[in-house]
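Comments concern the structure below.
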Amino acid sequence: MSETIAKQHILVIEDEVKIAELIEKYLYLEGFKTSLIHDGTCALDAVNELNPDLIILDIMLPGTNGIELCSKIRQYSDVPIIMLTARVEEIDHLIGFDVGADDYVTKPFKPKELMARVKAILKRRRMPTTAPNTLKAGNIIVDPSEYKVLVNNAELKLTINEFSLLKILIASPNKVFSRQDLLTMTQGKYFESYERSIDSHIKNLRKKLTQADPNSHYIESIYGVGYKFKT
């Protein structure tokens, strides 16, 4: 168990005590430090105080629900967020609201799969890059070594998945990537999860690029296939 992983702090926001304690147990076995919160009322304060490396967030919470909470966190932080949902159908709801979560896990879930997703997201965050120092297309500059994106020389804040997707697309201009390709490349392996989560991340990425530059129309949808970065 690496010292790097052992120091990483996971905040679990889940009102069902048994589920929260089960997650805590498996995180402990993987060497993570954990904190548990059982309602949404004090969750924002906990995020600010603890500054966790990743958040596991349930949708249904007393006080503030998970959707509202995720949106509020995204206003000031790019901390990775994995959302727990009671039904697969709820993922459509989440995607429709563009809450900005990095991944979605449906209950009941296999703890080992949840751990795999946690580790995959954190690995991407700390993984050294062998890519060129910068990737450029038009007025967009992606610096993988600094985990930074500039649009018109102004820094653009992205989540881990948004950054990973932009880096993949901009590195291979005009190449079409399927949703499964992008899931595999951003998660480190293919999880049998909801491929449309990629649509949510792409939608949020496009929105941020357009806000930074209204003339930005680089990411193109290829109907029935996936996406490409158009030059």
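Using N, Cα and C of the backbone, Cβ positions are placed for all residues, glycine too.
Now, the feature entries from TrEMBL:
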- 9-122: domain 'Response regulatory' (DOMAIN)
- Asp58: 4-aspartylphosphate (MOD_RES)
- 132-231: domain 'OmpR/PhoB-type' (DOMAIN)
- 132-231: DNA-binding region (DNA_BIND)
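For the residue listed as '4-aspartylphosphate', applying a Cβ distance below 8 Å and a minimum sequence separation of six or more within one chain yields Ile13, Glu14, Asp15, Glu16, Ile19, Gly66, Met83, Leu84. When the domain 'OmpR/PhoB-type' (132-231) is classified with DSSP, helix, strand and coil residues number 37 helix, 23 strand, 40 coil.
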